[in-house]
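J.: The structure's right below; bear with me while I get my questions together.
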Amino acid sequence: FAGLADVSISGEVPVEGEITVPVSSHAPDEDFSTLDEPVRDTIMRDLKAVGKKFIHVMYPKKSSALLRDWDLWGPLVLCVSLALMLQGGAADSKDDGGPQFAEVFVIIWFGAVVITLNSKLLGGTISFFQSLCVLGYCVLPLTVAMLVCRLVLLAGAGTISFIIRLIVVVAMFGWSTLASTAFLADSQPPNRKALVVYPIFLFYFVISWMILTFTPQ
Amino acid sequence: RWGRARGAARGRAERALTLSAPAQGGGSAVIDMENMDDTSGSSFEDMGEMHQRMKEEEEDEAAEGEAGAAEEEDGEFLGMKGLRGQLGRQVADQVWQVGKKQASRAFSLYANIDILRPYFDVEPVQVRTRLLESMIPVKMINFPQKIAGELYGPLMLVFTLVAILLHGMKTSDTIIREGTLMGTAIGTCFGYWLGVSSFIYFLAYLCNAQITMVQMLSLLGYGLFGHCITLFVTYNIHFHSLFYIFWLGVGGLSTLRMVAVLVSRTVGHTQRLILCGTLAALHMLFLLYLHFAYHKVVEGILDTLEGPNMPPFQRVARDIPVVSNAVLNTTAKAIALTL
């Protein structure tokens, strides 16, 4: 600093030059102000993101797209459709033991919150909403199983249909658990993976049980 | 609102004092907004106090000049002068900031899940060991037994019990009119775990037993392992005597374990008797209740072994088909007969 003491810049020296702000491409500008774009663009962008995540769930690879850009649209759509399909059908019957919409909804979200809290308490590095996002998206195979079960039940409710439904539900349950484990277990310390996987197993087991024991009136 | 803040500032000297204290990060700044007196006169000490604080917050005044000007109309409407309007505004601002700081501090204290983190610090091997140990009663009751204050295992066991109850309720005739199946199961299991733990902890406090709340929760939670096994087996094999064997055997073992641990931590015969008697009764009765309240034994199936011409169950909504249950039942009965 001592050397700089005798450096003096006189005020008369004009500073010359060019200041050019590099004009970047058009796209970053649009990212900052998405208010001006047409609604169709916004919706298509969100739909594409949701669709991409669905594909990630069906083919679980170790990609971080699900984790990085989390969104809760997909889980909401899946949860609502599953709850609608699980409606007892005979809403006015006194003996209706079928799960109501609210029951399924609450089970899914409450279960997901509990699993997230558990994984965070066990030392997980994943954030709250990222975990909710993953668990919600991994309900997709079970929703597909529900669709298949409903179609099979249209054909009849005998032993064969039960066996088919059992196989389908068990397969989808395994797929769901594996998919969510693939995403969530990496964020845990390696020796505690089993502790995190068990609640996920229980959660999807309860949902699979509700699907398997569904009989339309 | 500004009028009330001003009333608070001017009306009470002690309130004014407490207002200034939190600026240094001290005690609470609870303002009783209900007892405001807008028309109370100001004392000279209060005005001096106000001037003092005004000087301290001089840098904010420029920013709030416009706001103060806007408040002047408010002040005139309430019959106060512009100066007091500005003061009131600053006081209200300070109250807001202090309140926000307090709220965020309280929030970060109570909503911080890190409080629970030490109770979840377990390895899978430890959980498995504790699960197995919960069925083995200890023999050494003269020496206080160690209880691990861990909440992961008990919480998972309670959820497992909920899942097993759901399974049991759906394969039987239980019709829940009010409330949902899931709500009932969760309410029962969590209610038992938390309620009975608290009650026994209270009794332990009365009987001078050395146990903390977390340890009690952990002990009772692991005691539910026996319940889980019993219910899982007997919901699938509807065999009355089998249930009683499991009730006495498995339920009894886990109860004995809990009782032994408690006895080792209590002195005095009467206290031990009260504590352990209550716990044993509640634990065993809960298993009995779960089996009979949630499961209706269809005795016709056991009596009529007619093979494929079996009459279907009188069931509602959903059930698993008759075939698998009948097969299990007949197998169990056949085994019992051959034994």
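Every residue, even glycine, has its Cβ placed from backbone N, Cα and C.
Whatever TrEMBL says is automated annotation, not expert-curated.
For reference, TrEMBL lists these features for the protein:
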- A:58-210: domain 'Yip1' (DOMAIN)
- A:70-89: transmembrane segment (TRANSMEM)
- A:101-122: transmembrane segment (TRANSMEM)
- A:134-156: transmembrane segment (TRANSMEM)
- A:162-184: transmembrane segment (TRANSMEM)
- A:196-215: transmembrane segment (TRANSMEM)
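Tell me what's around each of these sites.
T.: Same-chain residues lying 6+ beyond the ends of the transmembrane segment (A:70-89) with a Cβ under 8 Å from its Cβ atoms: 46, 49-50, 53-54, 96-101, 104-105, 108-109, 112, 127, 129-130, 132-137, 139-140, 142-143, 146-147, 150, 207, 210-211, 214, 216-217.
Beyond its flanks by at least six residues, the transmembrane segment (A:101-122) meets 75, 79-80, 82-84, 86-87, 128, 131-132, 135-136, 139, 184, 187-189, 192, 195-196, 199-200, 203, 206-207, 210 of its own chain at Cβ-Cβ distances under 8 Å.
Long-range contacts of the transmembrane segment (A:134-156) within the same chain, counting only residues at least 6 positions beyond its ends with a Cβ under 8 Å from a Cβ of the stretch, are 53-54, 56-58, 66-67, 70, 72, 74-76, 78-79, 81-82, 85-86, 108, 111-112, 115-116, 126, 164-165, 168-169, 171-173, 175-177, 179-180, 183-184, 200, 203-204, 207-208, 211-212, 214-216.
Panel annotation: around the transmembrane segment (A:162-184), residues 57, 60-62, 66-67, 119, 124, 126, 131, 134-135, 138-142, 144-145, 148-149, 152-153, 193, 196-197, 200-201, 204-205, 207-208, 211-212 of the same chain, lying at least six beyond its termini, place a Cβ under 8 Å from a Cβ of the stretch.
Outside the transmembrane segment (A:196-215) by six or more residues, the chain places 82, 86, 98-99, 104, 107-108, 111-112, 114-115, 118-119, 122, 124, 135, 138-139, 142, 145-146, 149, 153, 157, 165-166, 169-170, 172-173, 176-177, 180-181, 184-185, 188 with a CB less than 8 A from a CB of the stretch.
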